[in-house]
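Down below is the structure, laid out as structure tokens.
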Amino acid sequence: MLTAFRPNSPTAIVVRAASTNAKKLEEIRERLAKGPNFQDFVQNPDNLKSVGENYDGKLRREKGEEQRLRLPPWLKTTIPMGKNYTKIKEQLRELKLSTVCEEARCPNIGECWGGGENGTQTATIMLMGDTCTRGCRFCSVKTARIPPPLDENEPVNTAKAIASWGLDYIVLTSVDRDDLPDGGSKHIAQTVREIKARNSNIFVECLVPDFRGDLDCVETIANCGLDVYAHNIETVEKLTPYVRDRRAHYRQTLRVLTEAKRFNPNLITKSSIMLGLGETDEEIERTMTDLREAGVECLTLGQYMQPTNKHLKVIEYVTPEKFKHWEERGNDLGFLYTASGPLVRSSYKAGEFFISSILANRKANQSKDSAPKN
């Protein structure tokens, strides 16, 4: 039996409500589709300013306040996907290789593994296992006093995987292995040599530990055939004992970077600073100056993100326009390249694209200089 549809009936009210909700949902989808994403931030600095200035949420946690800050919109990323992303992930599992992209929960994993806007595909392989001997309060990598022994096949397996991926730029990082006499420096160096033996054109960056300040280990890495020697200072001097493991020291980091450049002047040296841990502008400026005086040529600055409830809380979400300010200061201080943005990480691919250009130009100039003159 059919009944008449009455405008004021419960059914009519539900239909009108559903229609209104559908319309609102469509409006939200349209706004999201038309809104800026992180690529827009990279390509258009003006967008950074408007997004940061228009956000009315709380960006700084006051002293003694326990509640976590709400994530601002410029730190939200898309789910990683794509053929190249899937290919790399599957091969990593097959060869039992670890990446810092996954272990450290990097927000840029989809962009880096997939190739992104400029087509430069990058990945960051984490050597010597997934367990570190240090326990920095910002890092989500597992820790143990004595991790499992090194896999002697890892250098060859890593090189084979990288050769099959067709990457342009590879970053090798590692856990700290204070339990080993050489800190694993020979293992890292052998991996670089295996990679270069299979593809001499690929650019290799090594983001390495401080090796407890052992300069023999630093020299081993500096002269193994890599292109970029990276070691992160992580934070300002005042916060270093609070943020990093007690065996890591601010001045020791500067010395490692200085000596790496002395051992091999042709290297590009690189470091990274996290913001949002309670540092002041003056302290950031001092750290950047210290790095430049240590001969560091490339610098990245990014937002610290609390990986789990057990790690340091974020004190402040730094606005995109503030990151832009630090990029400009880096250029003023004379860094060859400064990558500064909320989602920038030490192995961020936009920086690698630029560094690749620097390295290619240097190699071309070296070839010209070594060519026989008529």
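Each residue, glycine too, has its Cβ placed from N, Cα and C.
The [4Fe-4S] cluster 1 binding site feature in Swiss-Prot is assigned to Cys101, Cys106, Cys112, Ser347.
Around Cys132 ([4Fe-4S] cluster 2 binding site), the C-beta neighbours below 8 angstroms that are at least 6 residues distant in the chain are Cys139, Val141, Lys142, Thr143, Ala144, Pro147, Val175, Asp176, Arg177. The [4Fe-4S] cluster 2 binding site annotation in Swiss-Prot covers Cys132, Cys136, Cys139 and rests on sequence analysis.
Per Swiss-Prot, the feature domain 'Radical SAM core' maps to 117-336.
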| request: Measure the Cβ-based neighbour count of Cys139 ([4Fe-4S] cluster 2 binding site), defined as the other Cβ atoms within 10 Å of its Cβ. | output: 21
| field | Cys132, Cys136, Cys139 excluded, remaining Cβ within 8 Å of their centroid ([4Fe-4S] cluster 2) | value | Arg134, Gly135, Phe138, Ser140, Val141, Thr143, Val175, Asp176, Asp245
| message | Below 8 Å Cβ to Cβ and six or more residues apart, same chain only. Which residues does that give for Cys136 ([4Fe-4S] cluster 2 binding site)? | response | Glu234, Val243, Arg244, Asp245, Ala248
